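Here is what TrEMBL records for this protein:
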type: REGION; residues: 1-21; note: region 'Disordered'
type: TRANSMEM; residues: 122-139; note: transmembrane segment
type: TRANSMEM; residues: 145-162; note: transmembrane segment
type: TRANSMEM; residues: 169-186; note: transmembrane segment
type: TRANSMEM; residues: 198-217; note: transmembrane segment
type: TRANSMEM; residues: 253-270; note: transmembrane segment
type: DOMAIN; residues: 265-389; note: domain 'Integral membrane bound transporter'
type: TRANSMEM; residues: 276-294; note: transmembrane segment
type: TRANSMEM; residues: 301-320; note: transmembrane segment
type: TRANSMEM; residues: 326-342; note: transmembrane segment
type: TRANSMEM; residues: 349-374; note: transmembrane segment
type: TRANSMEM; residues: 380-397; note: transmembrane segment
Amino acid sequence: MHHRLSIGHISSHRTSLDPVGRANEMADPAARCSHTDRRFPSLSPTPPLRCRRGQNDRVTRARIVRSLAEAVVTMLAALATLFCASAIDPQPGSAVLAVVLCMSLSRTHLDRDLRGRLESFFVLPPVGLAAFGVSFLLAHTRWLGAAAFIIGMFVSIWVRRFGATASRVGSLIGLPFVAILVTPRVPTPSPTAVPELLIPLIIAVLALVWVTVFHQIGRWTRILPPSPQAKPEVPAASAPEQSSLRPVASTRMALQMAAALIASFVLGYLLFPERWAWIVLTAFIVGTGNRGRLDVAYKSVLRIGGAAAGTTIALLFAVHLGKHDAATVALILVAVFFGIWFRPLSYAWWALFVTLALALLQGYAGTSATLILLPRLEEIVIGAALAVASAWLVFPVRSRAVLRRRLADALAALSRALELAPTSRTAAEFVDAVALVEQVAPAFRALRRVSRTKVRPADWADALADATTPALALIDRGDARDATRRAVGDARRSLREPSDLTKSLRVMTDQLREDAQS
């Protein structure tokens with residue numbers, strides 16, 4: 001079975017199979033330059049500048065188009081859920097919960113198969129009820145509520161050690177807890193027809209239903225790619241532990257998150273008793289998806305930069321801040337839409353538009369946003385600093401080790417895919433592995449701009465990206481040469497010697513290109 005995969009799918013961190021993407025790739029001269037330009041030696045530290053610019057432009061265009069489709073589908077689901085939630089409870093807290101749950105469910109794609117939908121249906125309502133209880137404690141017994149929040153977030157990360165199913169359940173635990181931090185607490189003027197205890201449960205189910213409906217419509221109309229094939233469950237115990245005295249990765253990340261949240265709650269309660277949520281929210285956002293020390297530091301810079309830009313824009317919209325009219329609601333939804341759309345390009349865009357949306361939302365809590373935007377930026381800086389300190393001091397994880405591990409997985413998947421009789425999933429496995437490498441690459445590329453070290457890990461990720469297009473062509477064709485497979489094996493062995501890794505990856509890339517052209 002032949003799979004026609006384009007690099008645009010890699011940039012979107014998905015493993016969909018799309019014949020149109022490959023056709024567009026071969027029709028784009030910039031995409032073909034990596035195959036045809038032979039004027040440069042194989043050991044050059046970077047590929048031809050003209051080719052790399054063409055590839056980057058093509059990947060950026062693919063990301064923009066793909067994320068636009070995702071943003072449209074997500075906002076349609078959010079609007080439908082928002083309409084239903086407003087009919088049940090007209091308070092802004094329910095509206096915020098509806099939008100946040102739709103955004104999070106859409107991003108995690110837990111509805112992509114029947115198993116994920118069933119897990120979400122049975123797990124999300126009880127978790128939403130637990131989050132409601134934590135929210136009640138935070139409003140009436142702060143320290144007890146903080147302890148419950150920290151325990152909930154710790155468990156949501158720690159359970160990843162038990163496999164893929166536990167990881168999905170953990171992601172479901174985190175969704176309603178995030179909504180607690182961004183939901184304005186507005187006194188309810190009159191009781192609703194639905195018991196207050198049931199409102200978060202109903203909204204959680206509504207969000208799951210509408211996200212599933214619009215995702216299915218998007219796939220049927222081919223706005224979104226088809227659901228990927230289910231992957232076999234991989235036992236968590238298969239990953240070797242480095243030391244019996246050093247916790248596994250999921251436990252380390254959970255401990256880092258707990259440390260950052262503890263420090264955030266303490267400083268927030270003591271220094272900013274009315275706005276503590278911003279410190280906690282920033283520490284959580286920066287520390288989420290921790291891929292090593294450098295990754296956390298990089299995200300903190302993007303978070304601060306995006307928040308600063310969002311604060312500036314919010315001040316320009318000061319005429320609307322603090323109002324409850326339809327224009328304010330429209331501005332909030334527009335900001336959320338653009339945040340979803342541009343998030344795949346850079347986390348800074350997400351931080352910018354979310355800051356703008358939350359600034360507009362402050363009017364519903366009776367707070368003058370123009371008076372708290374600058375102090376809020378200070379709190380964001382504090383929260384980011386706490387997350388970075390936790391990642392660097394509490395069982396730190398080296399980002400370079402994470403990158404090498406993911407490179408090893410990608411090269412292993414490529415080696416399997418280039419066998420004479422590849423299985424039907426080897427191409428998708430390689431694409432998925434390259435996507436994981438691309439997740440950690442931006443931090444190293446940013447470091448490369450300011451560092452002059454001899455060994456630059458960003459070059460490893462770039463070399464793998466350059467090799468992806470010819471590799472997919474060979475996987476599709478199914479007749480790789482022995483020399484090509486040996487080059488992949490040499491690159492895998494070079495992972496033990498980082499100083500030689502860039503050279504080996506370049507040799508492998510040239511061999512893949514030569515084989516793909518023959």
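Going from the start of the chain as shown, residues are counted 1 onward.
Using N, Cα and C of the backbone, Cβ positions are placed for all residues, glycine too.
Where the annotation comes from TrEMBL, it is an automatic prediction and has not been curated.
If one looks beyond the transmembrane segment (301-320) by at least 6 residues along the same chain, the residues whose Cβ comes under 8 Å of a Cβ in the stretch are 282, 285-286, 327-328, 331, 346-356, 359-360, 369-370, 373-374, 376-377, 380-381, 384. Counted over residue pairs separated by six or more positions, the transmembrane segment (276-294) shares at least 3 Cβ pairs under 8 angstroms with the transmembrane segment (380-397), which defines the two as touching. With DSSP states grouped into helix (H, G, I), strand (E, B) and coil, the domain 'Integral membrane bound transporter' (265-389) comes out at 100 helix, 0 strand, 25 coil. The recorded stretches the transmembrane segment (122-139) and the transmembrane segment (380-397) do not share 3+ CB pairs below 8 A when only pairs 6 or more apart in sequence are counted, and are therefore not in contact. Listed as Cβ neighbours of the transmembrane segment (198-217) (distance under 8 Å, sequence separation of 6 or more from its ends, same chain) are residues 73-74, 76-78, 80-81, 84-85, 88-89, 94, 97-98, 101-102, 105-106, 109, 111-112, 117, 120-121, 124-125, 127-129, 131-132, 176, 192, 223-224. Away from its own ends, the transmembrane segment (326-342) comes close to residues 64, 67-68, 70-71, 74-75, 78-79, 99, 103, 106, 317, 320, 349-350, 352-354, 356-357, 360-361, 363 of its chain (Cβ-Cβ under 8 Å, at least six residues beyond either end).
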